[in-house]
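From TrEMBL, here are the annotated features:
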BINDING   44-51, 126-130, 180-183  GTP binding site
DOMAIN    35-342  domain 'Tr-type G'
Amino acid sequence: MSGAFVNFWVDEEGNAEVGEEEEKTKAQDVSTEVSRTRNIGIIAHIDAGKTTTTERMLYYSGHTRRIGNVDEGSTVTDFLPAERARGVTIQSAAISFHWPPLFVGDLQNTSANTSNLVPHNINLIDTPGHADFTFEVLRSLRILDGAVCILDGVAGVEAQTEKVWYQAAKYRIPKIIYVNKLDRDGAAFGETVKQIAARLHAWPAVCQVPWWERGRGKFVGLGDAIGLRSFKWTEGGDGKDFQVISIDDLPSSEAEFALEIKKARRALVELLSEHDERMVEKYLEVDEDHLAIASEDIMISLRRCVLNQSSNIVPVFAGASFQNMGVQPLLDAVIQLLPSPIEALDPEINLGGAEGTLSSLLSGKLVSAGIGPKSKASTVKFKKQSTALIKNLESCALAFKVVHDSRRGALVYVRVYSGSIKRQSMLFNTNLQVSERAPQLLKMYASDSVQIDTIPAGQIGVIPGLKYARTGDTLISYTGANPKSGPPSPLNTLQLRPIEVPPAVFFSSVEPHSMSEEKTVKSALDLLIREDPSLQVSEDEESGQTLLSGMGDFHLEIARDRLVNDMKAKAAMGKIEIAYRESILEASSPDIYVFDKEQGGKQGRASCIAHVEPLSETTQIPLDDEYAYSAYEDGNRVTISLKPTTDDASEAEPWDGDLPPHLSIPSLHSALKNGALAALSRGINYAFQLHNTHVLLTLDPRKHIFGTDTTPAALSSAARLATKAALKATALENGSVLMEPVMNVTVSVDEASLGAVVNDISSSRGGHIMSLDDAGVTSGPAVNSTPDPLPRIDVARVYAPPDPFGPSASQTRGQGIAVDGRRQRNITARVPLKEMVGYLKHLRSLTGGRGTFVMGADRFERVVGQREKVLLKELRGF
């Protein structure tokens, strides 16, 4: 459990102090409010029904009075013109509502137990399912406490589903699964359950079984294995009214369905007993009768297993959202099974180089390291002041999304982890070291908003009008903070775990219509990349062209629409091209550079030594002194050493960490690293960004720092020019090579098309086939650039109810049957990105329109042989 949801302080011995009675009451109220909050996300493959399900959630909660339709462009969360035109989610949308509804009139039929009838606040984020918008999912997962993964009951577990599932697993987010579209022809709930085990590597805890009329008819409702009851919806209704029927009251024609509910209950109890000792005790108390265990005890045990990530149990629910079936029980499950912010994992932080958690900081246990002069006196002083520092920390929040609104300007979405942000609070950005005032606070309802006075801990809110805050920045408020310099050290270095930005692999030129439009276009691009950091803007030094890079061709297409249609920039974009990389072949000799130039009206002077070498798995990282620093970023590594470089024995004494007052160890590291990364952004021979390069920077504080003339900007410039000189020396003497992005590709086809597609990938596109698997239960996860984060599951031990189609249930469960009876196969391969441009049209022609694929970046690899000759000719224009 996390202790970082309310402000508290510690005494000199580290014990929590008890404040006034009013403070205790206030803290209890905050704790109750937080415990009745759920921060959840909807994750899924594209077209699995995320937005359709979200619309029903809003309708049944009383938030909306009509159900929006994706095809009609009337949904609440897909409000961008591009989203409504294409019928696809492009950006994540946050919305808040209560379940059960706040108003009794909205509380028609819920399946909740009476203990659950206290309304809970649900902060819901509807995320995109398209692979080009993976970053939207990543930044949403970073601040969520739980997730609902929606699967298409016909398609089963799709490749993009696996990708987002493992991303959620990386953040250790508890999840529940909702199998949707069970009203469609060919829906296979049992087959999908098997795929959950085989491809997502999780133990599916089947909590509901589909109710097909008389076993093979239309989908009419659900069987509840936990409550031993069934839910039946009226066909064609809005879903608010449905029958709750005990299994004992089911008609004789549904005897097999009643029996299947009991089988599901037995399987659920047995699965929970393997992971929860208290469930074993309950089982023994009722003389080993699976059906006699109280539903409340099963729900409590299931919740324990969901919150305990080591159990690897995921509850599975069923429904057909478009037909308005199954959404209310899913909402009940969100409240009953997913964690509140209090129960979520403790946020990871970095405080001046010291790794820890937010609760360890608030409890006074986290001691800063590597801040300012490294001396005993400064360490003792910090320990004495820590109690006062922590007491004055009012709030800590993470900015996870920035959206530009034509009326309200920049809207910064934040998740508050400690304390509360109040209106007119002064917020200090620890990443940019700037302070900004929060003029207003908003609670967002997709594109609409309501003004609020505070954003308490555990909640998600929006701060309009912030000029500098970006995605991933940490914002803190501190009592008595200096408006310019912010909180005292070390709290001014407090940073929550950042949001990782995946590398861009496509780019396109952006040309203003005229010289007079350059400034307007630049401002629009700045807004665009502030909204979406997975977009990157650079300038070609030779041609002067502005280049916009992104995650895919669809990503750049949407960026162009936003730039031209929404931001009214008068510019044209060139054709989409591949973002190649350049890599050096040999190491350089050390190169020293002295920067001595006026910057911003002030004299700047600094120096450093740079050495570059190819980066490989065997590269030694010299971290032999206590002030050394190393960081891996964008495929390159920068290592910084702060130590004397003289051969004079009289000056060979170890450096004690003393620096001019305006500099600190972290500021040195940051300035030098940024300078090196700037030099790596453009290669010498091909003008592409460097890759697999190790930059070693050495700074002698006694020789390379010149008092107040040595500013962070001067240090950054010295590092950039020294690194550039070292790169130029080795690239011109030893040459460099081109690197191309290689993608992990998963293609789903029927067996009749398998040979043609495999031949096309391996022969025509230069790809490497990694595996050929059934698209059903026997397949493993799609090829990933990282090892499987979860252990494999023995599918033979997984309970799955029979499906109503195919030759027989036993045959169906083992063969990956498609809707038309053809066997579906998955091809996993590694293919150069250049060969995947426009691949979807070609795949459809090979498979008669039935083939689909998903891909994700794996790594950059050297271009060799005939491909290298062809590519060089293309780049040189002949």
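Heads up, the Cβ atoms here are built off N, Cα and C, so glycines get one too.
TrEMBL annotations: computationally assigned, not manually curated.
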Using a 10 Å cut-off on CB atoms, tell me which of the binding-site residues LYS50, HIS130 is the least crowded.
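Relative to the other binding-site residues in LYS50, HIS130, HIS130 has the fewest Cβ atoms within 10 Å.
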Who sits close to ASP47 (GTP binding site): which same-chain residues at least 6 apart have their Cβ under 8 Å from its Cβ?
GLY129, ASP152
If you draw a 10 Å sphere around the Cβ of THR127 (GTP binding site), how many other Cβ atoms fall inside it, taking every protein chain shown into account?
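The Cβ of THR127 (GTP binding site) has 25 Cβ neighbours within 10 Å.
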Fewest other CB within 10 angstroms, which one of the binding-site residues ALA44, LEU182?
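With the binding-site residues ALA44, LEU182, fewest surrounding Cβ atoms within 10 Å: LEU182.
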